[in-house]
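Copied from TrEMBL, the annotated features are:
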type: DOMAIN; residues: 216-347; note: domain 'O-antigen ligase-related'
type: TRANSMEM; residues: 20-37; note: transmembrane segment
type: TRANSMEM; residues: 49-65; note: transmembrane segment
type: TRANSMEM; residues: 85-104; note: transmembrane segment
type: TRANSMEM; residues: 110-128; note: transmembrane segment
type: TRANSMEM; residues: 135-157; note: transmembrane segment
type: TRANSMEM; residues: 177-195; note: transmembrane segment
type: TRANSMEM; residues: 207-224; note: transmembrane segment
type: TRANSMEM; residues: 230-246; note: transmembrane segment
type: TRANSMEM; residues: 253-272; note: transmembrane segment
type: TRANSMEM; residues: 335-355; note: transmembrane segment
type: TRANSMEM; residues: 367-385; note: transmembrane segment
type: TRANSMEM; residues: 423-445; note: transmembrane segment
Amino acid sequence: MKTSAAPPSYINIGYYPQFLLSLILGGSILLSFTPYWLNPTTLFDTKRFFIVFYLLLSALVILCSSSLREDIIHSLSNQSRLSKWLLLLAVTCALFANLTSLYWVKSQAVLSYGLMLITVTALLRNVVIQSHDVILRLYIWLTCSIFMSVLLFHGIATWQGDIPNYRYIFSFVNPRNINHIQIWLILPLLYWAYLHKEKQHRKQPRSWLYSIPAVMHFSLLFALDARGAFIASLGGIVLWIILSPNKVEHLKWLGTLLALGLLIKWLLFTPLPQFFVQGVWPEGKGDIRLSDSNRLALWSNASAMISFWGHGGDTFVCNNDVIAHTTHNSVLNIAIEWGIVATLCYISLLLLTFYRVWTCANEKLQVLGITVLSGFAYSLISGVLNTPLSQGLAVISVASFWAMSTPTLSTTNQKTPSPLSKGLTIISHSALILLSIWAIIFIGYKTYQRIDNNQYRHLSVEYYMPQFWIEHNCMDAEPKLKSISSK
């Protein structure tokens, strides 16, 4: 007796991680060159809607697919014992702060958003290594998008008789949003160019072309007066050179690319285009900013909000009285919202990453780890971990490092990770299901509120400050820390 064949499946859910990776990079490329959108609210919120879309889509897919939940559980359980315990302890402390948060509904959205980013990182871990070359090629397209957003605005301004500065850009509210993207791209593209440089005299005589994206990034750092991004990226590059055997050769090559980047900045952005088109030499374009950009006052104000257990999500933005909607320091932000223990776990994970980079012999793993360290180092003075497109690139960078640093069976002193018990497996699946439902409800509600209020376009502001949205991030709540301290 013949058995009937199972009906064909028209949607293979196993391809979702690859689709998600393509969606993140493809969407980032398209949203990084939008000269037809000029309104600041549209520029920023559209990027946030994009990441909210794929987080909620991922939550829905995870809710419906036990196989993807298995992949996520395997990715997280396949890390080192210390990493798993640190991550588990941090999440546990964040959950406690979330339950006792000052702004309960807001905190649910913030925490589930962060946990979904971790979940997507675990999901992408299984596909990033085999897609490495594709990722780098899409990084080049992304580089071209942000480069054209700056070049086109500078060119139009120069042609119309203006003297452009670092805020003359399309597609982004703030030039720092571009720098937040760059920090995840520079070192991988630089290393890719170096690998092809090694083949220059053998099989690929035109391998110098691979250096062009790195030169474009350096020229943007100069054109946008990006002190923080320049220091963080250059610090990562220097660490890579220190760990490499050919230090002198690396330094010479890096110096050449930096010089070319400065030359491109002079030729395409300022000051030579203004000199040739307008007959004027812009003044002050080579000056170095020495101010602290109000960071010290901001950090002092943020430090006063720290508590041992944390106050929950959105505490800072609803209580800050200094001009800024983020702490511009990821350590302070975690300490305020999720407590001291979660902050110590966060710092420990970064130190563990540095230790792995310093002690490993695999140069590719070193580059991936240093890229992660550079991005998180930049987060100590900026909002790089809050910017929508930057968050997607951070997820890809961390997923790549996780995948490369996971112990393999060929390692002599490593054992195959033991499978989870049936009880732990059920708990893990239940936690992912609950997280998916929580994210769909609260992130969806936060997004609905923004759309229902027409993104607060009817309220004009003099200075746009992004946090989760652009401006008006705490319209329906009052400061609570001051009232607590006054009792």
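In case you wondered, yes, glycine gets a Cβ from its N, Cα and C as well.
TrEMBL entries are annotated by machine, without manual review.
Remote same-chain partners of the transmembrane segment (177-195), defined as residues 6 or more beyond its termini with a Cβ less than 8 Å from a stretch Cβ, comprise 28, 32, 44, 136, 139-140, 142-143, 146, 149-150, 169, 207, 210-211, 213-214, 217, 220-221, 224, 226, 228-229, 232-233, 236-237, 240, 250, 253, 257, 363-364, 367-368, 370-371, 374-375, 378, 382-384, 387, 389-390, 393-394, 396-397, 466. Residue counts of the domain 'O-antigen ligase-related' (216-347) by helix, strand and coil are 85 helix, 0 strand, 47 coil (DSSP-based). In this chain, the transmembrane segment (423-445) lies apart from the transmembrane segment (85-104): fewer than three C-beta pairs between them fall below 8 angstroms, excluding pairs fewer than 6 positions apart. Below 8 angstroms of C-beta separation, residues 13, 16, 20, 23-24, 27, 31, 72, 113, 116-117, 119-120, 123, 388-389, 391-392, 432-433, 435-437, 439-440, 443-444, 447 of the same chain, each at least six residues beyond the ends of the transmembrane segment (49-65), sit close to that stretch. Counting only same-chain residues 6+ beyond the ends of the transmembrane segment (367-385), those with a CB under 8 A from a CB of the stretch are 176, 179-180, 183-184, 186-188, 191, 228-229, 232-233, 235-236, 239-240, 295, 326, 328-331, 350, 353-354, 356-357, 360, 391, 394, 397-398, 400-401, 404-405, 466.
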